[in-house]
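> Annotation comment: Swiss-Prot describes 17, 18, 19, 20, 21, 22, 23, 24, 25, 43, 129, 131, 136, 194 as ATP binding site, evidence class sequence analysis. Residues or ranges marked as L-citrulline binding site by Swiss-Prot on the basis of sequence analysis: 99, 135, 139, 192, 201, 203, 280. Residues annotated as L-aspartate binding site in Swiss-Prot, with sequence analysis given as evidence: 131, 135, 136.
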């Protein structure tokens, strides 16, 4: 069976991920006119720039959908977002600022939940608005086929017939008007935006040029913290975790995880927390640039990692970062539910997140400027009395440290001998300008002493 259909399968049911925007509206109407039977599926992902979700399926029916459904994906999306925080599943960072993989998380949930809904309706052909140059075409392909092994893919934007007739936004708008729908194109922004409850992605158009900065972006989840005219008073906030799960903000327990994320977004958004400018590597290895918002994810991540570093030992923290980065890349590639990702995720949640219990108090200021004011946890292995510089009972003595340092002589001697060997073979050039000017002049016998 051919998985990808290059031309419209007339007479067959086609599920389309319907956003209500011009592209998917024109595509749905065009498919109906060409003889297909379109079914519209809209994901409620808690998009901060969407005012009326209930109106979207109604518009789909007006444009010719056989049926239109609104699928509430918010609970599952927040669940996956919290899991990503627990695992540190983020691999794109610049100057200490993190991209929280909010779009890949959204695609994992959308791709599985919408295709599952289509399968319930006997719809086994799926179309969406992703283009052939981006990441989403592969993410949706993977998640769709994972959910329904019988799935076929039809994308109007890969169909030459559709492109020849309605290849641009102007043509789509004229098509809608000619068909009796007073559809006016929205005012073109200098960039495109994709969002969900976890975060927003701004990219393309003017943002493709690196001399266009964050200053051209109008945040939809926060404030323009770079604008000095925007007043942003400092705010103290506390975040509490129990076994790796955020349970309270400012001492208030929220009714569910969705409300928790919404409140975290409101708090972080008041300061512009979690905005970052990233150059990343797409799945096809071409670089792209995006400006991201994720105020709630950032707030929870900061508090979570503060507790984690005070609770776990160095080797565990090292594995958390290494495995989290690996997991983040798998998530970015559309492999969040692959076996290798599940293996990493399970170990990080089981052995790392389960011990992260406590409360962190922060002062938020402008943008990503904040201070940690207090960290409290019964699980802390940070114990100041162990290393105090004041007199008193100590867990180890000066003689203990002398013995420990003496044992280091073994590997120091081995290292010195290897450096000598490197210098003798010419691999290590020593001179007065290097940090090891004396190595090359050492006698072999002295090195071995």
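For all residues, glycine too, the Cβ spot is worked out from N, Cα and C.
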> If you count Cβ atoms within 10 Å of the Cβ of residue 135 (L-citrulline binding site), leaving out that atom itself, what do you get?
19
> Residues other than 131, 135, 136 within 8 Å, Cβ to Cβ centroid, of the L-aspartate site?
130, 132, 133, 134, 137, 138, 139, 140
> Residue 131 (L-aspartate binding site) has how many other Cβ neighbours within 10 Å of its own Cβ?
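The Cβ of residue 131 (L-aspartate binding site) has 10 Cβ neighbours within 10 Å.
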> Given the binding-site residues 17, 280, which one's Cβ is surrounded by the fewest other Cβ atoms within 10 Å?
280
> By the count of other Cβ atoms within 10 Å, pick out the sparsest of the binding-site residues 25, 192.
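So among 25, 192, the binding-site residues given, the one with the fewest Cβ atoms within 10 Å is 192.
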> Name the residues of the same chain, 6+ apart in sequence, whose Cβ is under 8 Å from the Cβ of residue 129 (ATP binding site)?
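Sequence-distant Cβ neighbours: 17, 19, 23, 24, 27, 155, 157.
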> Could you check which of the binding-site residues 21, 25, 131, 136 is the closest Cα neighbour of residue 99 (L-citrulline binding site)?
136
> What whole-number Å value do you get for the CA-CA distance of residue 131 (L-aspartate binding site) and residue 139 (L-citrulline binding site)?
12
